[in-house]
2 protein chains.
Amino acid sequence: MRVLGVDPGLTRLGIAVVDGGTGRAVTAVAVDVIRTPVDDDLAVRLLKVADGVEAWLDRHRPGVVAIERVFSQHNVRTAMGTAQAAGVVALAAARRGLPVMFHTPSEVKAAVTGSGRADKAQVTMMVTKLLRLTEAPKPADAADALALAICHLWRAPVRNRMAEAEARAAEFAKAHRARLAAAAAQARSGSGTVAK
Amino acid sequence: MRVLGVDPGLTRLGIAVVDGGTGRAVTAVAVDVIRTPVDDDLAVRLLKVADGVEAWLDRHRPGVVAIERVFSQHNVRTAMGTAQAAGVVALAAARRGLPVMFHTPSEVKAAVTGSGRADKAQVTMMVTKLLRLTEAPKPADAADALALAICHLWRAPVRNRMAEAEARAAEFAKAHRARLAAAAAQARSGSGTVAK
């Protein structure tokens, strides 16, 4: 499975493509940062982000897009811009019929370092090691995009197994409700017989 | 000038087209609400918003798009979704080369009611009156989209005059700096002559 990982942002958007192999094997295909000028209008910045991401989707043809989930940050304006950048990335993926998954920063950190509270240096170190890179990816946004793609690859099997288990449970509950309904109908027709 | 006004949202997005005439005359061309199902994935909802807005841009060919500026709300998740809906609207406009302007809720309320703290009922009442509508637009998101377009039409001349004044001031400052630099150069060459 090939994942496009995106650490969204307007000033710097981390973007990476990682291939998953058997087990936990992961290989970096590409990583970079898309930047847009602070002085540009918001709409123009969003257009530059969208065009940049479209070019990556064309070039690398991922099967899924993983985006870091944005929560409120200290600076509301920055958080809104980040959310909007994430939105146009999700839109670009949806336009191509690609599934889009969101992962929280702590899920990503936990996946690659084992701790949801790891700092940026630890994330970068583990990403460099896991992908057998000769040098650490820079800036942090690039490392985060790689970490996000790895997180997605490693969480996907767990998520699929959970979805299967949920589907089986729903199937069981449905069959159980049907049996209950049949029993109730039988009881009603039985009481009807008695009442006659 | 024809304005597309958008009160962004994922569950309900208010959208309206208003034409500006001479002075403060305004005419409603169309108003509606675009809805997306709460159960859909975020990316799919954003795609539905984008497709809906594109259809309005095709049909009504506005010259400018005005969007309500999103600030943090009580519910962070809702605020993020609203910001993302605003982002894909801005992107659709930017893709067509249309200017995009953001107005805050209080600017919109002040423009149509005279008070930045007006409630929804007051905004709806004034919009109905200003546009000479036979009945009040519903829901509130539709009325807000109309109010936003009116706000944009009425603020645009003020904004243009301010931009012109700023341009003149910048021109004046530039000329002033040039005169200062010329005087300084003359003073230096003068002192050079004395030192010789």
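Cβ atoms here come from the backbone N, Cα and C positions, even for glycine.
Just so you know, TrEMBL annotations are computer predictions that nobody has curated.
TrEMBL lists B:Asp7, B:Glu68, B:Asp141 with the feature active site. Feature annotation from TrEMBL assigns Mg(2+) 1 binding site to B:Asp7, B:Asp141. Here TrEMBL flags B:Glu68 as Mg(2+) 2 binding site.
Sequence features annotated in TrEMBL and their locations in the structure.
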| residue | record | DSSP class |
| --- | --- | --- |
| B:Asp7 | active site | strand |
| B:Glu68 | active site | strand |
| B:Asp141 | Mg(2+) 1 binding site | helix |
B:Glu68 (active site) sits from B:Asp141 (Mg(2+) 1 binding site) (Cα to Cα, rounded, in Å) at a distance of 11
Excluding its own, the Cβ atoms lying within 10 Å of the Cβ of B:Glu68 (active site) add up to 25
Rounded Cα distance, in Å, between B:Glu68 (active site) and B:Asp7 (active site) is 5
In chain order, residues whose C-beta lies under 8 angstroms from the C-beta of B:Asp7 (active site), counting only those at least six residues away in the same chain, are B:Leu13, B:Gly14, B:Ile15, B:Glu68, B:Asp141, B:Ala142, B:Asp144, B:Ala145, B:Leu148
